[in-house]
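Q: When I checked Swiss-Prot for this same protein, it listed these features:
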- 28-48: transmembrane segment (TRANSMEM)
- 51-71: transmembrane segment (TRANSMEM)
- 102-122: transmembrane segment (TRANSMEM)
- 143-163: transmembrane segment (TRANSMEM)
- 174-194: transmembrane segment (TRANSMEM)
- 212-232: transmembrane segment (TRANSMEM)
- 233-253: transmembrane segment (TRANSMEM)
- 274-294: transmembrane segment (TRANSMEM)
Amino acid sequence: MNPKSPLFLRLSDRLDVYLRLMRADKPIGTLLLLWPTYWALWLASDGIPDLAVLAAFTIGTFLMRSAGCVINDFADRDFDGAVERTKNRPFAQGRVKKKEALLLTAFLCLLAALCLIPLNHLTWLMSLPALFLALTYPFTKRFFPIPQLYLGLAFSFGIPMAFAAVGNSVPVEAWILFTANVLWTLAYDTVYAMADKEDDLKIGIKTSAVTFGRYDIAAVMLCHGGFTLLMAVLGAVIGAAWAYWTAIPIVLLLQYRQYAAIKSRVRQICFETFLANNRIGWVWFTAIFAHTFFAK
């Protein structure tokens, strides 16, 4: 195909728009979804996850995160133009139609559903509330005072699904990890919301940063503390090897650095602090990986 032909240019433009809707150029959301899923897979499989299961969760996570981003932009299409960080998104620029976004969301969800084929029926069953949470979260910002809590539930469902896929059951340690991840998500997404707080107040969007008001930093740190405490409880429940416990002082240091950074409440610093949570996910994965190695 001639790269200068109208058809090629049209297809290139659509592909660019769809990839931007999916946040394909911003992998942080996928990583923050993958880390807890990997924690669960490694714990449930004693450090040796089945490759087919690992591939299904990795690809499925990318697809569902992408679908969530598309439906989020659809839900926020009337607001994104008024927010500094989102004013260049496809809907805000008038580059995409509502029908296109809905069809793309459906297509991505269909592809994600195909990833369930090699998994057991319990995992299929648990995918239904996960799908519901992922697709409805963007609309909670209109009426729920802490939508980040709802997002935490959506971002944590990969954990019980992973345990279900490996062992065909969801033991107590899965729910401890689930609750810990809800708190971690609430912490880092509140920091994310702090970056948009001024704009959200103007347009009337509800976020945890708006709801917590001047206590937003305290709320973030309480959630971080609860997350780390529950990870310690999890370690005790599973009889974690020494390597697991090395993560706690490292994570506490990273959390303190986040506290020192967000005290300024500067928009860009809050956004960079949100991105830094990828390190916490990586540290805990490394600790869990090492635990499964040394516990054998």
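Cβ coordinates are placed from backbone N, Cα and C, and glycine is handled just like the others.
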Q: Between 28-48, 51-71, 143-163, 212-232, who has the most Cβ pairs under 8 Å to the transmembrane segment (102-122)?
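A: Going through each listed stretch, the top one turns out to be 51-71.
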Q: Can you tell me which of 28-48, 143-163, 174-194 gets the most C-beta pairs within less than 8 Å of the transmembrane segment (233-253)?
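A: Answer is 174-194, with the largest number of Cβ pairs below 8 Å.
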Q: Sort out the residues at least 6 away from either end of the transmembrane segment (274-294), same chain, that have Cβ-Cβ distances under 8 Å to it, and list them.
A: 28, 31-32, 34-36, 38-39, 42-43, 46-48, 184, 187-189, 191-192, 195, 231, 238, 240-247, 250-251, 254-255, 257-258, 261
Q: Can you tell me which parts of the same chain pack against the transmembrane segment (51-71), counting only residues 6+ beyond its ends and a CB-CB cutoff under 8 A?
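A: Sequence-distant neighbours of the transmembrane segment (51-71): 21-24, 29-30, 33-34, 37, 41, 45, 101, 104-105, 108-109, 111-112, 115-116, 118-119, 130-131, 134-135, 137-138, 154, 158, 161-162, 165-166.
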